[in-house]
Amino acid sequence: MLRMLKRQQLHPGMILLLFWLCYLIEDQKVQAGNCWLQQGKNGRCQVLYMPGMSREECCRSGRLGTSWTEEDVPNSTLFRWMIFNGGAPNCIPCKETCDNVDCGPGKRCKMNRRSKPRCVCAPDCSNVTWKGPVCGSDGKTYRDECALLKSKCKGHPDLEVQYQGKCKKTCRDVLCPGSSTCVVDQTNNAYCVTCNRICPEVMSPDQYLCGNDGIVYASACHLRRATCLLGRSIGVAYEGKCIKAKSCDDIHCSAGKKCLWDAKMSRGRCAVCAESCPESRSEEAVCASDNTTYPSECAMKQAACSLGVLLEVKHSGSCNCK
C-alpha cells in the first residue's frame, strides 16, 4: 500500500489521513455474536433468539433477561451448548442494573440477593376501593383485590374478580357487578356470568345437547342461557338429543368420558374420570349422595367412576356432622 501511495505522490498529510480512516474503519467494525432471551441460574445463555447479531442490536430492546455471547461459532456448537451444556458459556447480560428496564404493566424491576435485576409483580392497587376479601374467577377467595392482582401477574392472566366477599356455595348475598347474573355451578360454587339473551341459529343437528335435567338444548349457547335464567348449573349429560335409556349401555359417551347412571332420575350422564387425586386435607372431606364420607370431591368422583353410578355432594365435611 505504501508503494502505491508513493507512486501517487500524495501529500504527507493526506497519507496520515488515509491511515487514520483505515484505523477507524477497522476499530469500529461491528462484532457479530449471538443474542439470547435469558440467562439461566447456571450463568449460561439460554433460548437462542438470533445468531450473527451485534451486542448493540441484541440489547436495544431493553428487555430484562436478554443476553449476548461474542463467540462466532457454527450451528453444531450452538446445538451442543443448548442441548448438552445447559446453555452457552461466557454469557453477558444486557442489563446489569434496573436502569431503563421496562418490566411491563403490573411489574417493577428489583435487584435480587445475587445483585441481579429481576422483574417482580407489583400491581398498582391505588385505585382499589374495596379493602375486603374477593372471590376470583378461579373459585378461590383472595385476601383482597391486590392479592388477586399479584396472582394474576404470576401466571394467571385470565384471573378476574367475580364478586366482593368470600367465595360462596349459594347465590344468597352475592352481588354481581354490572349486568352479570349469579349462577351456582355443578360443584356448588357461585359464579357471576353474563347471560346471552340471543343465541345464533342452529346450523347442524350435531349441536344438540342433552342436559342433566333431561331436556334437549339446541346448542351450548341455549344451555348456557337456560342456566343463566335458572340461576344454577344444568350441565351436559351427553351430546345429541336425550334418549329414553334403560341403562348406560344405551348411551354413547365421547372419548375420555364414562357413563354414570343416576338411579334416582333413571337416566345417565357422561363424566370425565380422573386417574388419580392429589393428597387431600381434612377440610376437603365431602358427604356424598350415597351418605358416604369421601376425603375430597375428587375421591368421590373416582368412586362414582369405579361403581358406574352418579354421586353428588350433599354437603361439605363428614356425613356425621349434619
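Note: Cβ is positioned from N, Cα and C throughout, glycine not excepted.
Cβ neighbours of C58 (disulfide bond) (same chain, under 8 Å, six or more residues apart in sequence): G33, C35, Y49, M50, T66, S67, W68, C94. Feature annotation from Swiss-Prot assigns disulfide bond to C35-C58 (among others).
Look at Swiss-Prot and you will find C45-C91 (among others) tagged as disulfide bond, backed by sequence analysis. Same-chain residues at least 6 positions away in sequence with a Cβ under 8 Å from that of C45 (disulfide bond) are, in sequence order, N34, W36, Q38, Q39, S67, W68, T69, G87, A88, C91. Mapped onto three states, the DSSP output places C45 (disulfide bond) in strand.
Summarising the annotation, Swiss-Prot assigns disulfide bond to C59-C94 (among others) and lists sequence analysis as the type of evidence. Under the three-state DSSP scheme, C94 (disulfide bond) falls in the coil class. Counted within 10 Å of its Cβ, the other Cβ atoms near C94 (disulfide bond) come to 21, all protein chains included.
The disulfide bond annotation in Swiss-Prot covers C98-C109 (among others).
Taken from Swiss-Prot, the feature disulfide bond covers C103-C119 (among others), and the record attributes it to sequence analysis. Proximity of C103 (disulfide bond) to non-local residues of its own chain (separation of 6 or more, Cβ distance below 8 Å) is seen for L64, C109, C119, V120, given in sequence order.
Per Swiss-Prot, disulfide bond is recorded for C121-C153 (among others), and the stated evidence type is sequence analysis. Around C121 (disulfide bond), taking its Cβ as the centre, 15 other Cβ atoms fall within 10 Å, counting all chains.
When Cβ atoms from all protein chains are considered, those within 10 Å of C146 (disulfide bond) total 16, not counting its own. Summarising the annotation, Swiss-Prot assigns disulfide bond to C125-C146 (among others).
Per Swiss-Prot, disulfide bond is recorded for C135-C167 (among others). Same-chain residues at least 6 positions away in sequence with a Cβ under 8 Å from that of C135 (disulfide bond) are, in sequence order, T141, Y142, V161, Q162, Y163, Q164, G165, K166, C167, K168, A190. According to DSSP, C135 (disulfide bond) sits within a strand segment.
According to DSSP, C221 (disulfide bond) is assigned to a helical segment. Counting only same-chain residues at least 6 apart in sequence, those with a Cβ under 8 Å from the Cβ of C221 (disulfide bond) are N196, C199, P200. Sequence annotations record features per position, and here Swiss-Prot assigns disulfide bond to C199-C221 (among others) based on sequence analysis.
Other Cβ atoms within 10 Å of the Cβ of C273 (disulfide bond), summed over all protein chains shown, number 13. The disulfide bond annotation in Swiss-Prot covers C273-C305 (among others).
If you take the C-beta of C277 (disulfide bond) and look for same-chain residues 6 or more apart in sequence within under 8 angstroms, you find P295, S296, C298, A299, Q302. Secondary structure at C277 (disulfide bond), taken from DSSP and collapsed to helix, strand or coil, is coil. The disulfide bond annotation in Swiss-Prot covers C277-C298 (among others).
According to DSSP, C287 (disulfide bond) is assigned to a strand segment. In this view, C287 (disulfide bond) is surrounded by 20 other Cβ atoms within 10 Å of its Cβ, with every protein chain counted. For C287-C319 (among others), the entry in Swiss-Prot reads disulfide bond, with the evidence type sequence analysis.
What Swiss-Prot lists as domain 'TB' is 33-106, and the listing cites sequence analysis.
Annotation source Swiss-Prot lists domain 'Kazal-like 1' at 103-169, citing sequence analysis.
Note on the domain 'Follistatin-like 2' (170-193): residues 135, 137, 139, 161-164, 224, 227-228, 230-233, 235, 297, 313 of its chain, located 6 or more positions outside it, place their CB under 8 angstroms from a CB of the stretch. Annotated domain 'Follistatin-like 2' per Swiss-Prot: 170-193, in sequence order.
What Swiss-Prot records for 189-244 is domain 'Kazal-like 2', and it gives sequence analysis as the kind of evidence.
Relative to N291 (N-linked glycosylation site), the recorded positions with Cα atoms inside 10 Å are C319, the candidates having been N75, C125, C273, C305, C319. Long-range Cβ neighbours of N75 (N-linked glycosylation site) (same chain, at least 6 residues apart, Cβ-Cβ under 8 Å): P51.
Ranking the disulfide-bonded residues C35, C119 by how many other Cβ atoms lie within 10 angstroms of each Cβ puts C119 at the bottom. According to its DSSP assignment, C153 (disulfide bond) is helical. Put simply, of the recorded positions C98, N127, C287, C305, C319, the one whose Cα is nearest the Cα of C121 (disulfide bond) is C98.
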